[in-house]
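Chemist: According to TrEMBL, the protein has these features:
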DOMAIN    29-88  domain 'Cathepsin propeptide inhibitor'
DOMAIN    122-334  domain 'Peptidase C1A papain C-terminal'
SIGNAL    1-22  signal peptide
Amino acid sequence: MKNLYIVALLSISLLSLQLYNSEQQTDEYSKWKQHHKKLYQGVEDTYRKQIFHQNLQIVNEHNARYNQGLENFEIEANQFADLTFDEFSSLYLYSSYPDQEYINNSFEKTTKKQKKAIKADIPDNYDWSTIQGYSQPYDQGKCLGSWAFAVAGSIEGARYLGEYEQISPQYLINCVPQDNPCLEGGVKSTWDWVTDNQHYLDLYASVPYTGTKGACLASKDNIQLLNGYEMINQDQFVEDSDYYQALSENIVVSPVSVSSIYFQLYKKGVYDKPCGDSLNYDALVVGYDARTDQGYLPYYKLKMSWSATFGEQGYIKIAMANKCIYAKQSFANKV
């Protein structure tokens, strides 16, 4: 009889633990939904809850290693925590990189270009985002408009004369000739449109972001890109002083390979996971830190267009030794 009582107590304890864990998971998911203003019901809510807890397990396991000093970056259950990586990719990344053909065709030519003279006083770290008035990361939403945010942000840097003018990415989405700019816009074609035709641009305040293509109206602000653009062959410049020079003179637009759930859930630190071979995003390289005595890996700092709630207030630091962005080519304003 005593053994039966013990078995019954163990069963009750196990059931209570299961109920507690289930209630705790539901509470975590509910708080996350409320914080990120997610509205799901029925079958979809059940599915999103399942994905959320799968990702939360990845977060907890990775961060346990991070807290032990075994990882160089931390992740979190951010606004993308209810998505599998495949879902995230289909919503926020290119399925086919718009400028891939141009990069392939121009690669041999640019590798043979003569390097320009290197300055003697290149800083070992630089960060455009710390300059007063620099625009905060925007949220592209479900429009794959990273190309527009990247070009607008780079032009902001080229025109910087003591204060920032926030260029409108929406104006580019509205006006650059594209059949579907939220799926197939490109950095190269955008800069060609701006420079070859001497088109004027508008400020963000005049044409705020809507996430869909709108009517292309005559520019109100008459903002112009002064000197055109050039391509930087990054294979010449990886971990090299002339690439640092380019970054200290420019905000560079780089194609990026995002290929991991860890990138999707990034919170802070220097991201050093392997990246894929497929380019699927356009980011702004706004800074770098080449120092090796700071207790962290040397990195490049990228500005994403996933809002300021992603990563380090909208930015991610990529290890210099990581090839997420440096195997192909980048675009920069001429100086």
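Heads up, the Cβ atoms here are built off N, Cα and C, so glycines get one too.
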Chemist: If I take every residue in the domain 'Peptidase C1A papain C-terminal' (122-334) and average their pLDDT values, what number comes out?
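Modeler: Its mean pLDDT is 85.
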Chemist: May I have the DSSP-based helix, strand and coil counts for the residues of the domain 'Cathepsin propeptide inhibitor' (29-88)?
Modeler: 38 helix, 3 strand, 19 coil
